[in-house]
């Protein structure tokens, strides 16, 4: 992320700490929090509202996550080098040429099968600290990698499972909210599947896994998915039709 600069908009001048940054007062953040929380509950697929909620409710937790990264050699390297997971940095053609079963190949398979792209992740706007803004941006950009590591699809059940993992791993309020209220969107069959099989498994994984923000994924593409899962402490999900 770039250094701060003065930006003029609507006749007012303010300090922008990084690209897309919008400084806001405590009152403005409160309004954004309430509005984004209500919209996120109404429509869980409003990723823009979920992104805003994460930024306005997460500062205290982001400090803790930043410190966990600083205190880990690999996490600290990520903070220093600031890698980004975007289509422009992935070299997707090379990942597709990797052997089946490697982390990079399986990640691209996930993107192709689910027709998703890392470029759909919203840029951070409302975090008033440049380093913390990178931490939450990194969290957003590894979300699809977590789907790959956990073996979860992008349907509502899969997203709820991943949110439970993220909530335990990060403690971010938006993740806790998604984990708590997401199941309300499931039908009775999938809710039973979640509570009886998937929830015990993902809670165990979340509690026992290494911090997922401390993995330099861009250096792990050629590692097998299985060995990376073992390194992180992620066990295979229960075998079932989701």
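Here, residue 1 is simply the first one shown, and the rest follow in order.
For all residues, glycine too, the Cβ spot is worked out from N, Cα and C.
Over in TrEMBL, the protein carries these features:
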- 143, 144, 147, 159: Zn(2+) binding site (BINDING)
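Feature annotations (TrEMBL) mapped to structure.
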| residue | record | Cβ neighbours (10 Å) |
| --- | --- | --- |
| 143 | Zn(2+) binding site | 18 |
| 144 | Zn(2+) binding site | 21 |
| 147 | Zn(2+) binding site | 22 |
| 159 | Zn(2+) binding site | 19 |
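The Zn(2+) site is set by 143, 144, 147, 159; from the centre of their CB atoms, other residues of the chain with a CB within 8 Å are 116, 145, 146, 152, 154, 158, 162.
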